[in-house]
Structure formats: structure tokens, C-alpha cells
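Participant: Can you keep this structure in mind? I'll have questions shortly.
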Amino acid sequence: MSYDVQATVNGETATFSAGTAETNRWDSQWPLDGWKYTVSVRAVAGNIRSAYTSSVSAVATPELPPPPANINIQPTSNGVRITWDAPPNSGSIVEYNVLYWDWEWDHCMYIGGAAFKSSPAIITDMIPGRNYAFFLVTWNQNGQGLPEGGMAAVPGAGTPPIPSGLKVNSNDPTTVQ
């Protein structure tokens, strides 16, 4: 048995995380303090569906961990090595999750995620030459914190060269180019 979930956040349809739950639990992704969630569910067994429950509401008061700091992503020949510093008061953090996306100028697509207990995160078996975007999420007993990062890396591309020919022009008393 599974469950269909209908949800609104502050009166707007929550298409980002409503849908189907495989157990009798539905977790909202990245709730923000003060947001009002309204949810109803129905049981699903194959092609048979119950009626939806009446809606229930709650206001989010998340106690989620802050994101990691000083995130550094280094591409390797077939993946990446990601390091970070734990945030202050990180005693409640149970794991860090690295989310990664195929990141191109004309599209972006979620690829996967990997969980780690501490820095560094070593991710392999990526496609050399593909541009990926990476985000880190901290988890505690209450759920996952907001993602941090959004940095890109290209496995197999090596370290870019140091820029050369740097010039600074003072255009006027308040502008430098």
C-alpha cells in the first residue's frame, strides 16, 4: 500500500514534494519557519484508491541544522573530492548529503545524491567532461537543512589555469573595471 498526498504551502499547491508516499509519512523538503502546510492523503492499493482525508494544517517551526561552510570542490579524473567545515553547533548533525545535477547552459537535471558522515566526500563513476552542479545538505534528527553550494565542477577537466593579463582600470572616483 502507498499513499497519494495533496499539499499546499501558504495556500499554493506544493508540486515540489507532494505526490506519492510509500509509507504513512510525508516529509516536506526544506520547510521555512512560519510556512503553513495543509495536507490530505488517500490510501492506494494497486488500482484501488480510497477517498482523500479531510485536510489538516500545521505551521512549520523547523529545528534544522545550518549548512556547512567553506565548501571546496576539486574535480578528479572520474569524479570529485568535496571538503567542507562543519557549521557551528554541529553536534546534532547525523550526516551530510551531496546532491548533484547535470548542469548545462540549456538544461539542468537532478542526477543523484550521496551521504557522508564527515568531510571529505569522494564521489566517483561520474562522466568525464560533463558539467555538474553540487549542493550540500546537513541532516539532523528533525530532517534536512537548506542546501548550500551550487558550485560547478567538470570531472576529468583538471584544475583551470591561473588567469593572466589581469588589468584594473579606474573609470571614475567610484567605479573600477
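Keep in mind that glycine also has a Cβ here, set from the backbone N, Cα and C atoms.
Automatic, uncurated: that is what TrEMBL annotation is.
According to TrEMBL:
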DOMAIN    67-162  domain 'Fibronectin type-III'
REGION    153-177  region 'Disordered'
COMPBIAS  167-177  compositional bias 'Polar residues'
Participant: Tally the residues of the domain 'Fibronectin type-III' (67-162) by DSSP class, grouping H, G and I as helix, E and B as strand, and everything else as coil.
Facilitator: 3 helix, 53 strand, 40 coil
Participant: Restricting to the domain 'Fibronectin type-III' (67-162), report the mean pLDDT as a whole number.
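Facilitator: Residues in the domain 'Fibronectin type-III' (67-162) carry a mean pLDDT of 91 in this prediction.
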